[in-house]
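**Student:** Before I ask anything, here is the structure I am working with.
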């Protein structure tokens, strides 16, 4: 079979059958779903938590953003650990850790204010949560890179990442009801229990995989299991302008999503106080759920029609970033709740196209080092979680809650990201 330039075989390893691919895709998709449900819990109930503990905008921005201190810094080496020691060995422990922290977050917050150093304890809790969650996505990238052919990696990994938006919808829909009826603490306990169920399912899938591998043990699988993890030629990667173009696009797109993800509930709560939380916490995320699932299929269809990987990635990412920028520039001109909701829904829908663009780019330019490279690469997007979100809080504090400045600055960054990636991005193999 002829290969399109940029498509390469994965490292030596057992390629999943169709049934195995389906089972693992569903498992990884649902895992990403509960991961993001846990991550979205605090932003969704931030207004209620801030009211109880008397936080101002800077306090809220600090507590929301410090999660990404641990998340971004850990991602730099999380992918390498997953590639070297095996993602299947890392994930059960890291997942159980953030699951337990999520469940006990309300108790830990209460404990923080019982001590004489509440801010230190709060920051420690959030940073530790970020450290534990940082292993999840790079580990999934490592698993996908080792068990799928090149033509299937982008599609499957794009679908797996789409689980993040399902998790946000789940937390937004059920969380809004729980917060209104029972209180914000119930959301963390609900998501914690749900995540614990997934940990058990993942353990079951791993046991089934290990049993199948023993039953069908071959010389090839034995060699694969003992093949040392190749070193990553970081110098070659870092000297290539296409990597940095992708990093810029990842950063600017990640910044827009982080700000919407963390601040949108607060924006609607303050700007339209009579609006139903379940509406604005769910509707925008529903749009990104649809487009994030459609985007990998659109990209695969474009490739099947003969379009190059580079053209496809640039088209999808450019449409995503320009679409977000256009929508955010419209926000200051609106004063209606429903029109604002429509604009933010369109912005989130545009963000979903990212799953056919830069989101899966590491599988293109580093097919044999996807876990390691994705960890470093995704850290570029995660940095926005503590830089962008924190700065947004300061802007709001300094301008007496003028949200227009936040959205216009974010839109300008998206335009820059689109221009850089369109000019320098690639879908070809770099290392």
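The backbone N, Cα and C atoms fix where each Cβ goes, glycine too.
So TrEMBL says this about it:
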{"type": "DOMAIN", "residues": "24-429", "note": "domain 'Major facilitator superfamily (MFS) profile'"}
{"type": "TRANSMEM", "residues": "24-49", "note": "transmembrane segment"}
{"type": "TRANSMEM", "residues": "61-78", "note": "transmembrane segment"}
{"type": "TRANSMEM", "residues": "90-109", "note": "transmembrane segment"}
{"type": "TRANSMEM", "residues": "121-144", "note": "transmembrane segment"}
{"type": "TRANSMEM", "residues": "156-181", "note": "transmembrane segment"}
{"type": "TRANSMEM", "residues": "187-206", "note": "transmembrane segment"}
{"type": "TRANSMEM", "residues": "278-299", "note": "transmembrane segment"}
{"type": "TRANSMEM", "residues": "319-349", "note": "transmembrane segment"}
{"type": "TRANSMEM", "residues": "370-391", "note": "transmembrane segment"}
{"type": "TRANSMEM", "residues": "403-424", "note": "transmembrane segment"}
**Student:** Do at least three C-beta pairs under 8 angstroms join the transmembrane segment (90-109) to the transmembrane segment (370-391), pairs 6 or more apart in sequence?
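**Tutor:** The transmembrane segment (370-391) and the transmembrane segment (90-109): touching, no.
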**Student:** With contact taken as 3 or more Cβ pairs under 8 angstroms (pairs 6 or more apart in sequence), are the transmembrane segment (121-144) and the transmembrane segment (61-78) in contact?
**Tutor:** yes
**Student:** Where else in the chain does the transmembrane segment (187-206) make close Cβ contacts, counting only residues six or more beyond its ends and a cut-off under 8 Å?
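**Tutor:** The answer is 23-24, 27, 30-31, 34-35, 37-38, 41, 44-45, 88, 91-92, 95-96, 98-100, 102-106, 171, 174-175, 178-179.
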